[in-house]
Amino acid sequence: MGLVLKQFNRKIRTALILAPLFTFAQIIIDLIIPSFLASAIAVVFSIVTLKQKEASGEGVAVDFIAESKLSFQSVQEAQIVLATSVILLALFGLVFGLISIFCASIVAGNTSYFLRRKIFRKIMHITAPSHDQYGSSTLLVRLTNDVYLMEIMTFDFLRLIVRAPFLFIGGLAFAIATNSDMSISLAITFPLTFLVIGILNKKSTPLFKNNQKSVDQINERVEEDVSGYKVVQSFNLKDTECLKFKAANARWTKSSTNSLFVNTLNIPFTFFFSSMTIIIALLLVFQLDNSVRVDPLPDNAAIRPSIFAFFQYNFYIVLGLILTSLTMVNFTRSRVALGRIKDVLNKPEIQQHVVPDQTVLAPSLEFKNVAFGLGNKENRDFLQDLNFKFEAGKTYGIVGPTGSGKSLIANIIGGLYEPNQGEIFVGGQSIKTIDSDYLAKMIGIVFQQNILFKGTIASNIKIGLETREDWKHEPDSKKDAAMKRAAAIACADTFIEKFSDTYDHTVEQLGKNLSGGQKQRVAIARTVITKPQILVLDDSMSALDALTEKKVRENIANELPGTTKIIISQNINSIKYAHKIMVIDNGRIAGFDSDAKLMQSCDIYVKMKQAQKDQGGDFDAVA
């Protein structure tokens, strides 16, 4: 939270100070009002006696706090002053309360704003393994629900953390000052009240943790089923998935019911003990003071206002206890949420290397003794002993069975994963000594999953230019020309120009209104528009027909002749004309040579090629 406070400007810092101050001022007024009301009631019940004293010239004296008295010249003056005082105090209390709520709202709202901004920035910068560890659904809950709980806690802290204890302490002090005999009842019931509240709050912490886990689980369930809707439909898994959701929903319902039940028990228990306090107080007063009577005798009329004031302060005490209990409940929930937020914020970020005056490097790529793995210890070094070199300006292919580690290599090249051991060199220089921004601009990668952003085709293709300093101040006409050139390279112009609004055609979230092949071509155009020196195509033309794929490869070869091109595919026909082909099997290099030589030396390559040929692959077509 200290990091959030540093982001506050003068206005928010002022609100941070004013919120508890005005809350405290409101509490003082709330505590004084019952005493003025008790004095006003005393005037009403003792009006005959007071008028007699006024007529005799003794003046009018009315009981106030702690046996003090308010003196007036006449009964009428007492009535006017007391009534006016109560009205003015109530108005001031209202104004102070509104100001404190307004200030607390400003601070709480900005706390959630800065927290969300900080968490989102962290999500954008954490390492890929950390992102994989959480998953998008869990990160979404922490960015929204957990931050909202922190917003509530901030508001409660500024309002209730001041209001609750002072209402309790102030109410207790004024109750004792009003009627010490009746206050003995508080010593009997309050220990029991505190004991019950303490037990309930202790039980609430694990219940809220389980509830948050249930929220994560049901979000994961929904995200999986919604994103995999077509699979569910095609395999007729609707009933199966509904049963899984029913189980997750039942767990969430059970945890929510338990946590809500336990954390709302404090309210009825508190009111029960409050009622017991009043009953015990009345019994004590009747036992200790035999002069108390419920009759209109003037001598006993003064006790009635004190009983009224005591009951009012008892209400404040109860209110303070309830607010304290609710604050503790929210604190418990927010503490769990804060722990989950800190867990994300403490995750390591992708290391950025800043190298002033970065020299231009040749687009060669070399792996030396690289090992990497994800998940548990058994998979820690799934990729092992990767030693290879891609020369600048040439085309290379990476092929292998499903799950062999091809995409892991692509992610390592793209800088998403750092190897567990070994070194990577670009242009003969270790990537640890290369400026990170320079390296990111140097390497362009088109992933298997082509994620497009909501907007237009133009905004998606030109997104690669947004972070390029050399393009920031270029006119739109030049950017449009680069966009159309990139679309032509990716053969995306053929379908884009069929739209009535061409490049301004709307792209829905994740590109849902485009076909798989259209999304792949837009993704390729988005990458080649930046003219990367090293281009990685990770199975990114799988949805294209053979002729379109051939045309895209030719365009890339002709338009980016100096670029080192790395094509990852399961289809050997897509990469067999590369200068060299690297065969990956179970995370290791099984072969690295030309197509012709691999047919003589690599059994896995031969088997894959024969299997694809048996399935109808055309290996005689000209690439």
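Each residue, glycine too, has its Cβ placed from N, Cα and C.
As the structure is a computational prediction, the values presented were derived from the model and not from experiment.
The domain 'ABC transmembrane type-1' annotation in Swiss-Prot covers 16-325 and is backed by sequence analysis. According to Swiss-Prot, the transmembrane segment annotation covers 27-47, 86-106, 157-177, 180-200, 266-286, 307-327. Residues or ranges marked as domain 'ABC transporter' by Swiss-Prot on the basis of sequence analysis: 365-611. The ATP binding site annotation in Swiss-Prot covers GLY400, PRO401, THR402, GLY403, SER404, GLY405, LYS406, SER407 and rests on sequence analysis.
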Problem set entry | Those residues of the chain, 6+ apart, with a Cβ under 8 Å from that of GLY405 (ATP binding site) | PHE382, LEU383, ILE584, ASN586, GLY587
Problem set entry | Other parts of the chain folded back onto the transmembrane segment (307-327), taken as Cβ under 8 Å at six or more residues beyond its ends | 30-31, 34-35, 37-38, 41, 156-157, 160-161, 163-172, 174-175, 178-179, 182-183, 186, 193, 197, 200-201, 266-267, 270-271, 274, 277-278, 281-282, 285
Seminar exercise, completed: Neighbour count check, CB within 10 A, over binding-site residues THR402, SER404, SER407; minimum at THR402
Problem set entry | Neighbouring C-beta atoms (10 Å sphere around the C-beta of PRO401 (ATP binding site)) | 16
Exercise. In the predicted model, what is the mean pLDDT computed over the domain 'ABC transporter' (365-611)?
Worked result: 86
For this session: Would you kindly list the residues that approach the transmembrane segment (266-286) from elsewhere in its chain, counting only those six or more residues past its ends and only Cβ-Cβ distances under 8 Å?
Result: 179, 181-186, 188-190, 192-193, 196-197, 200-201, 292, 303, 307, 310-311, 314-315, 317-318, 321-322, 325-326, 329
Exercise. Sequence gap of 6 or more, C-beta under 8 Å: which same-chain residues meet both conditions with respect to LYS406 (ATP binding site)?
Worked result: ILE398, VAL399, GLY400, ASP538, ASP539, ILE568, ILE584
Seminar exercise, completed: Across all protein chains shown, the one of the binding-site residues GLY400, GLY403 with the most other Cβ atoms within 10 Å of its Cβ is GLY400
Exercise. Inside 8 A of the center formed by the CB atoms of GLY400, PRO401, THR402, GLY403, SER404, GLY405, LYS406, SER407, which other residues of the chain have their CB, for the recorded ATP site?
Worked result: GLN570, ILE584
